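In Swiss-Prot this protein carries:
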- 75-109: repeat 'PPR 1' (REPEAT)
- 111-145: repeat 'PPR 2' (REPEAT)
- 181-215: repeat 'PPR 4' (REPEAT)
- 216-250: repeat 'PPR 5' (REPEAT)
- 251-281: repeat 'PPR 6' (REPEAT)
- 282-316: repeat 'PPR 7' (REPEAT)
- 317-351: repeat 'PPR 8' (REPEAT)
- 424-454: repeat 'PPR 11' (REPEAT)
- 457-491: repeat 'PPR 12' (REPEAT)
- 492-526: repeat 'PPR 13' (REPEAT)
- 527-561: repeat 'PPR 14' (REPEAT)
- 562-596: repeat 'PPR 15' (REPEAT)
- 1-66: transit peptide (TRANSIT)
Amino acid sequence: MLRILKLSTSSRSVPLTRLWLLQLPCFCSSSSSSSSLLSVPSDDHIVRLILDQKSASGALETFRWASTFPGFIHSRSTYRALFHKLCVFRRFDTVYQLLDEMPDSIGLPPDDAIFVTIIRGFGRARLIKRVISVVDLVSKFGIKPSLKVFNSILDVLVKEDIDIAREFFTRKMMASGIHGDVYTYGILMKGLSLTNRIGDGFKLLQIMKTSGVAPNAVVYNTLLHALCKNGKVGRARSLMSEMKEPNDVTFNILISAYCNEQKLIQSMVLLEKCFSLGFVPDVVTVTKVMEVLCNEGRVSEALEVLERVESKGGKVDVVACNTLVKGYCALGKMRVAQRFFIEMERKGYLPNVETYNLLIAGYCDVGMLDSALDTFNDMKTDAIRWNFATFNTLIRGLSIGGRTDDGLKILEMMQDSDTVHGARIDPYNCVIYGFYKENRWEDALEFLLKMEKLFPRAVDRSFKLISLCEKGGMDDLKTAYDQMIGEGGVPSIIVSHCLIHRYSQHGKIEESLELINDMVTRGYLPRSSTFNAVIIGFCKQDKVMNGIKFVEDMAERGCVPDTESYNPLLEELCVKGDIQKAWLLFSRMVEKSIVPDPSMWSSLMFCLSQKTAIHVNSSLQDIIQS
């Protein structure tokens, strides 16, 4: 058994590593004599010193050292601090030894605070049997375990296994004559909610009511959160109506849940009720409401929500403000976004890198590339460090906007930047797309070749696919492409272009359409030289109407068809003698300011020649007028 109090009181017994402590004012007597006795340290000082130790041995050493002071007797507080450190380092045998010694050392048994500390220590170590055994440990000292001890054990058990916790509640707590309080039921509700046992949660709520324990807001909110997490927001709303005193957390849970389901009306109704009861939702909830409003294009209403929260003393942060900036940018209202940006600074919500990135993206989307570059340069002036998203957004915008050479300059800056670590292929693919869009095929291939040092596997796969598109078999091509995708690779626009042509030539139109959809999803609009191959593929399969619809779809997506887009369709219709559809298609083409080439005139004239002279003259007159 350890003996704490019978250690030598000589200052020479103080460990060398602790001698500096003797110089602390709190440990020195007021006498200037070198032979004066040291004053007795307080419990708080010793507790702090024990808790500051970085090892179990250090904590024990400090504890023993404190015993060397004449007149100092350890208290429950110092023992509790030592138990905490010993539990942190899992010295549980020493904990038991010191517990046995406590009554003799200080004349007092351990109290609830000490037992709770030990329970939590066992819990952190996941020693569930030892956690439960604390009940017997308390009884060993002739003390009846208190409700606080039982609740502490229960709190550990619900995090580990709700079934063990329920069994403990029934067989230990209730069998000992301990009646749970609202905190007890709150712990059980937490365990049931964590395991999504919502039905049992409602049963527990009913047991509380019949037992005369009124559920508080914490109990209700725990069950509400579980309901919302499982998508049962309507049932959560009904449960909320039972609450006599919902609090701000209640509204935060339900408003956020409705926002997650994009149910704007319900979230706004609850927001109004929240305000009317004098509550202000937290900044996370406010941001979610604003985000849903902005997604619906109702940015002005989102601004009103923000201003109401501010006027009621609620907290607003830069993330909430960024939501508005993003909303304005999505609507193309860049001047308003810029004004709000300035207002953010005036109110003390300092813009961060995300704010600037949103503005850059917004300017790029509306074609204001010079403003995007100015914002990029402002970041350096305002001491905002560029990150990968900054570079990637600007390179993408410049490349898509027809300024690939400027995008290349930004790419070079990114390569030299110390804020971007590790090469990522996205901005490089953006540059390739820029070359593709500007019909600079040689530059695109040369750039792809230069990428080999940074992305050897991706470049090797790309050239292999391009080669297979030229002269390989379809099975080999599919295998190589699937392998690239399986490895997480993203094909460049050059690879996609080649694949679309090869698939379309071999009648695999569905595969071609998937590639085009993938391009559009990534923001890369294919040129007519790419999607014309699909149109020819439709015509070969005698699916002219599918081809016509495809052209219309591509035009709606922002792609620009050309003469070669309509030529195979018109020719196929004319061969079939369908003059009405041919003429309608020809008219649509002319309306889009696409000038027909000689072959199209020939096809149309051939088709007309099959009709009567009167019909031919009438149609020719319509063509001339067009």
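Count begins at 1; order follows the chain as displayed.
Each residue, glycine too, has its Cβ placed from N, Cα and C.
DSSP assignment over the repeat 'PPR 13' (492-526) gives 26 helix, 0 strand, 9 coil. Secondary structure of the repeat 'PPR 14' (527-561) per DSSP, as helix, strand and coil residue counts: 26 helix, 0 strand, 9 coil.
Mapped onto DSSP classes, the repeat 'PPR 11' (424-454) shows 25 helix, 0 strand, 6 coil. Assigned with DSSP, the residues of the repeat 'PPR 12' (457-491) fall into helix, strand and coil as follows: 28 helix, 0 strand, 7 coil. Sequence-distant neighbours of the repeat 'PPR 12' (457-491) (same chain, 6+ residues past either end, Cβ-Cβ under 8 Å): 425-426, 429, 448-449, 451, 498-499, 501-502, 506, 508, 522. Residues of the same chain lying 6 or more positions beyond the ends of the repeat 'PPR 13' (492-526) and with a Cβ under 8 Å from any Cβ of it are 396, 400, 429, 432-433, 436, 441, 444-445, 448, 462, 465-466, 468-470, 474, 477, 481, 533-534, 536-538, 540-541, 554, 557-559. Over the repeat 'PPR 13' (492-526), the average per-residue pLDDT in this prediction is 93.
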